[in-house]
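**Q** So that we are looking at the same thing, I have put the structure below in structure tokens.
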Amino acid sequence: MTEPSKLPHRGVPEHQPQAGGIAARARAAAGAPQYLSGLNPEQREAVETLDGPVLVLAGAGTGKTRVLTTRIAHILSQGRARPHEILSVTFTNKAAREMKLRLGQMLGQAVEGMPWLGTFHSIGGRILRTHAELVQLKSNFTVLDVDDQVRLLKQLLQAENIDDKRWPARMLAGLIDSWKNRGLLPQQVPSGEAASFGNGKGGKIYATYQERLKILNAADFGDLLLENIRLFRENPDVLRSYQNRFKFILVDEYQDTNVAQYLWLRLLSQAPSRPGRALSEVIPGDVTSPRLRGEVGAQSAPGEGESPQTELAEAAPHPDPLPVKDGEREKSPPKNICCVGDDDQSIYGWRGAEVDNILRFEHDFPGAKVIRLERNYRSTGHILAAASHLIAHNEGRLGKTLRTEDVDGEKVTVTGSWDSEEEARAIGEELEELQRAGENLNDVAILVRASFQMREFEDRFVTLGLPYRVIGGPRFYERAEIRDALAYLRTINSPADDLAFERIVNVPKRGLGDATVQMLHDHARKKRIPLFEAARAVVETDELKPKARGSLRDLVMQFDRWRAQSEVTSHTELAEIVLDESGYTEMWQKDRSADAAGRLDNLKELVRSMEEFENLQGFLEHISLVMDRDGEAGEEAVSLMTLHSAKGLEFDNVFLPGWEEGLFPSQRTLDEQGRAGLEEERRLAHVGLTRARRRAKIYFATNRRIHGTWSTTIPSRFLDELPAHNVEITESKGGSGWGGSGGYGASRFDNLESFGSSYSTPGWQRAQANRNRGGGGRSGGFEERQSSFSSGHGKHGPLVIEGELVAKSTGTVSEFSLDDRVFHQKFGYGHVVKIDGNKLTIAFEKAGEKKVVDSFVERV
DNA sequence: ATATTGAGGCTTTTT
DNA sequence: GCCTCAATAT
């Protein structure tokens, strides 16, 4: 994440699992706290200021993670707390893992002894399971993902007779999620908002949804926090026990916290109150101020009643985590909470993150010490200057000035091209150049604003045979086959899990269609029993046609058998049995489509991953929260990802294509969020630039195909916001002569009129020609793309996996053999003369001998 | 109960 | 243009 740890490795060999182990070791290692010696003064202050609230404003590349981990080490070594008394929260599992790893390096052992280091959600979930009965759940509750949520909501909408065309379930899911992000229980949703969906029924359905979740013994992601807050509010003694336990609280990426997370932290960070006493000033009354994101720092515009935020502020003041009774207010100092973040890297506002949280930290935690980390150890001078100058255009920020002692390095380049295809071509060439120059491709990334931009690059890289990996597609457990398999296991584990049962009742096809499921639903509702029990009851009657009745009976019997078996066999074995006996594996084996093999691999991987858990229960508890282990490093490859997923990463060479108005900044964000949106986009640009260590290269195209139609675009306003001194305008090497004159004018980039709208230009024609390319049916969403590379070969192991989609262009065994006659969209017919992995050398009848990648030809 | 065709709809996505 | 979902035909 930042520079490699240079901390002395003071290992103590033997591993003691007890609580005291790490602390003792840390203390022993700390006669003179050497771990402090590599820190600069600000970092050191951030580490050593243990008492009272601390906000560390850590700009990009300033050693944020290092401060956090060192601080933990310091707390332990000073004997201020034992490992289980430190609450340390991150947003991602990846960040949590990273911290554990670094801590381990620092303290010389794996950090099993830090039980409360994890993501908001996993810690929230853990607390919730411990006290599940207090929030009307059982400790083995299921964590639903978005898909399950939407399906459940769809049912509720139907029950309410709401046209789900006009009021899509997905939209309601988003709405409910946003309410939960803001810490609002159904009865707390402002009535105006509650009524805004489904002819006034939105709020009611939210309430019903929550009730249904309890019946299903399930919680969604939002509940992991919201129900936790409710738990604390309704059970002060429980809250107190956690307040007592956590002597120190550390929060990573504080700028990304939403209101619910904020409330949760506030509750825990309050000094424990005596029994019977309410918390003091838990929440300042005006937390939801009109000046939410982006309006900050500027005039708050309180009179502007049109703004939804303003409306919200008046309608829904933040709920007090604990109701404060009059006369019981009492000042008690907030606990030792340390939040680390960077307001300039807040890019998840649209997901409920509240930049305001970080901006008003000092107000929320009186007496807070604010420490700025401004020494950047990552980027060269020009890059840093460009990024800083750009972000300075934002108004709602706390303000930091990043500086570096590094050399100026190369200027940031800006390159225009005729269209997006040429852009990909130009970048492809530069990549090859870097490769020839001996750069490690692992240190090269292409960061796009929107994932649809990736396709063009993939096409290009495949043609060039340049190894790349896509980072960030659907997660492992979001894949259909994984979710199906999990649904089987969930149904076994928890017979009341209707959503799981419904998912697999007719997968594979058993002749149990909509009609059957509908009748099961009716039956279940009437008798108030789970679907599965309804199924058991219904097969005893003759309400179903013999055929459906037979297969439903078989299914019920199978589940009974599997449940019995689950008592005596290991969970991995059980999974294999279930996948086999249910016919699920067979279904994919029979499937002739290209990705079937990849899916089977994924299923195997799933079973393999189960081994790490004690039992089925433990596995299911973790799967939806922490199933994102990193893929193995694999071979050298360029990384292709969105700007969002690049946060926290760094690369020597960073390519930033698509800097055009409408795309970046995104028109939609501008429309929906106005200036706040623009500022968030600008932060995104800042994040992009600051990922680069040595070279940052920006691109824009004059023509881009969006949703299938070509449109002419104008260069991003962000380009004009870059400091001329640190930027170099270059010509596209992609060919077709975009002779960017480079003149700095009112806008340096607006000399586009000269290109007019000619639809007969080479670029356009080339784009046309390419449109129908992708022969061999190679196209499709992430999943299919992934599988088109991985299909059919287990030799190299599943290519992806673990969490992130990692498509690769090399490393598979070709399905072609020598002398096969093949067809290529562009080059026509030919035959294979050489095979090298997935790269084929083909002698084309017309075009001569060419090297191509196998996915671009088909056997004829 | 399932295969096929047509009408909208589209960003970003840590959990 | 490409994918998903829902209405149609088999």
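Think of each number as a place in line: the chain as shown, counted from 1.
Even glycines carry a Cβ here, placed using N, Cα and C.
Dumping what TrEMBL says about this protein:
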BINDING   A:Ala58, A:Gly59, A:Ala60, A:Gly61, A:Thr62, A:Gly63, A:Lys64, A:Thr65  ATP binding site
COMPBIAS  A:323-333  compositional bias 'Basic and acidic residues'
DOMAIN    A:37-380  domain 'UvrD-like helicase ATP-binding'
DOMAIN    A:381-648  domain 'UvrD-like helicase C-terminal'
REGION    A:1-20  region 'Disordered'
REGION    A:276-338  region 'Disordered'
REGION    A:760-795  region 'Disordered'
**Q** Among the binding-site residues listed here, A:Thr62, A:Thr65, which has the most company in the form of other Cβ atoms within 10 Å of its Cβ?
**A** A:Thr62
**Q** How many other Cβ atoms sit within 10 Å of the Cβ of A:Ala58 (ATP binding site)?
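**A** A 10 Å sphere around the Cβ of A:Ala58 (ATP binding site) contains 29 other Cβ atoms.
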**Q** Check A:Thr65 (ATP binding site) against DSSP and tell me helix, strand or coil, would you?
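**A** A:Thr65 (ATP binding site) sits in a helix per DSSP.
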**Q** Under a criterion of Cβ-Cβ distance under 8 Å and sequence separation of at least 6, what residues of the same chain contact A:Gly59 (ATP binding site)?
**A** A:Asp342, A:Asp344, A:Arg372, A:Leu373, A:Glu374, A:Asn376, A:Lys400, A:Leu402
**Q** Far apart in sequence but close in space: which same-chain residues, 6 or more away, have a Cβ under 8 Å from A:Ala60 (ATP binding site)?
**A** A:Asp342, A:Asp344, A:Gln345, A:Asn376, A:Arg378, A:Ser379, A:Ala387, A:Leu402, A:His686, A:Val687, A:Thr690, A:Arg691
**Q** Quick one: give me the count of other CB atoms within 10 A of the CB of A:Lys64 (ATP binding site).
**A** 25
**Q** Around the C-beta of A:Gly61 (ATP binding site), how many further C-beta atoms are within 10 angstroms, looking at every protein chain?
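**A** There are 25 of them.
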**Q** Under DSSP, is A:Ala60 (ATP binding site) part of a helix or a strand, or is it coil?
**A** coil
**Q** Mean pLDDT over the domain 'UvrD-like helicase ATP-binding' (A:37-380): what is the value?
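**A** The answer is 81, the mean pLDDT of the model over that range.
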